[in-house]
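One structure is given here, and the rest of the page talks about it.
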Amino acid sequence: MEKAIRNFLSQESAGGILLLVAVALAMLMANSPLSGLYQGFLGTDVQVKIGELDIHKPLILWINDGLMAVFFLLIGLEVKRELLEGALSSVAQASLPTFAAIGGMLVPAGVYLLFNYGDPVTQAGWAIPAATDIAFALGIMALLGSRVPVSLKVFLLALAIIDDLGVIVIIALFYSTDLSTISLVIASLAIAGLVGLNRKGVTSLLPYGILGLILWVAVLKSGVHATLAGVIIAFCIPLRAKDGSSPSEGLEHSLHPWSTFFILPVFAFANAGVYVGNMNLETLISPVPVGIALGLMLGKPIGVMVFSYIAVKLKLAQLPDGIGWKQIAPVAAMCGIGFTMSMFIASLAFEHADPMYGDLARLGTLIGSIMAALVGYFWLSKVLPNKGV
């Protein structure tokens, strides 16, 4: 298990650097004479028409609805593996990261609502600071190399996976609108087919892919966010075949480099380009960016620490072996790295609002995530021993 985690983190570390490059490039283009080219590229109409099926969207929505569905497929595969065989497969293992994740979602949302309560438009962004970017958070931790105990890495990984599961539920419950009955019926039939394949022990990925594509189109047309199709597909792919092989893990390993080095950087490039030329101090301290930034910088670590402490004191959970509160605290700060996940929720929360709100949300996410990354990294670096453990 330790080798698998180290391989995972080494990939995430390189991916984290690529994410930073993508964000910097997006900000540069959005605030330079290339701004028109950048916006025009993302607004390029892309149409797919097969018979009566017609999907017509700008490029940025193909990225957010299509590529991110593949990312959520990967997240779903990771969640399923951890639930059945990994860090979440027993109550004892799952208790602490579960309580930590719940606190890390509730408190940031509460902080955001403190600044935005009463405004029906901005209130929609309450879930933005509740997210943790698993790739970026693990990438920052990986920069400290062998100084980080494996048990601490597993804690962050488990916490982030539960956080992702929470985000999936939030998207399904709060960011799905104008539901189409016909599309939902088709989606239900596709899900029934996927479950049937699983029950029959089918291990070939091709039929899952065909039904999965039908499911994605149906969910896209239904009003439920299309990324949820990826999670459903993942949960239906068998973890273990009769011969002991793992179709699920095989697909997970194949998707990881695509997610780390293509999907997430492309998403970051498409969504992080915030034009700041028309912003002033009053804009920067407006409720949306302040609520998000403080939710990530303060709400996340406070929520993670308080809920973890209560769970341990009530003997509902226990700290990982060899790990104390002084190591948990900087990891809690790292959970405030919302980055791509927070930006994704922002794109849903303010999809039909003035584009200014989306810009403010992305700006708050960038500020909060960068501060959380810096504080978490230097704090953890200070409390860890200088030599490998």
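Cβ coordinates come from backbone N, Cα and C, glycine included.
Feature annotations, courtesy of Swiss-Prot:
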type     : residues : note
TRANSMEM : 14-34    : transmembrane segment
TRANSMEM : 59-79    : transmembrane segment
TRANSMEM : 95-115   : transmembrane segment
TRANSMEM : 124-144  : transmembrane segment
TRANSMEM : 154-174  : transmembrane segment
TRANSMEM : 177-197  : transmembrane segment
TRANSMEM : 213-233  : transmembrane segment
TRANSMEM : 257-277  : transmembrane segment
TRANSMEM : 292-312  : transmembrane segment
TRANSMEM : 328-348  : transmembrane segment
TRANSMEM : 363-383  : transmembrane segment
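Beyond its flanks by at least six residues, the transmembrane segment (177-197) meets 207-208, 211-212, 214-215, 218-219, 221-224, 229, 232-233, 236 of its own chain at Cβ-Cβ distances under 8 Å.
Segment contact is absent for the transmembrane segment (213-233) and the transmembrane segment (124-144), given fewer than three CB pairs below 8 angstroms at sequence separation of 6 or more. 59-79 is the stretch from 59-79, 95-115, 363-383 with the greatest number of Cβ pairs below 8 Å to the transmembrane segment (257-277).
When Cβ-Cβ distances under 8 Å to the transmembrane segment (292-312) are tallied for each of 59-79, 95-115, 363-383, the top count falls to 95-115.
Tertiary proximity for the transmembrane segment (363-383) is limited to same-chain residues at least six positions away from its ends with a CB under 8 Å from its CB atoms, namely 23, 128-129, 133, 136-137, 140-141, 143-144, 147-148, 272, 274, 276, 279, 284, 288-297, 300-301, 326-327, 329-331, 333-339, 342-343, 346. When each of the listed stretches 59-79, 124-144, 154-174 is scored by C-beta pairs under 8 angstroms to the transmembrane segment (95-115), 154-174 comes out highest.
Using a Cβ-Cβ cut-off under 8 Å and counting only residues 6 or more beyond its ends in the same chain, the transmembrane segment (154-174) has close neighbours at 1, 5, 8, 72, 75-76, 78-79, 82, 86-88, 93-94, 96-98, 100-102, 104-105, 127, 130-132, 134, 137-138, 141, 224-225, 227-228, 231, 304, 320, 323, 328, 331, 334-335, 341, 345, 348. Long-range contacts of the transmembrane segment (124-144) within the same chain: residues 8-10, 12-17, 19, 75, 104-106, 108-109, 111-113, 116, 152-153, 156-157, 159-161, 163-164, 166-167, 170, 174-175, 259-260, 264, 288, 291-292, 294-296, 299-300, 331, 334-342, 344-346, 349-350, 353, 357, 361, 364-365, 368-369, 373, 376-377, 380-381, 384, each at least 6 residues beyond the stretch ends and with a Cβ under 8 Å from a Cβ of the stretch. Here the transmembrane segment (59-79) has long-range neighbours at 41-46, 88, 134, 161, 164-165, 168, 212, 216, 220, 225-235, 237, 248-249, 251-252, 255-256, 258-259, 263-264, 266-267, 270-271, 344, 347, meaning same-chain residues at least 6 beyond its ends whose C-beta is under 8 angstroms from one of its own.
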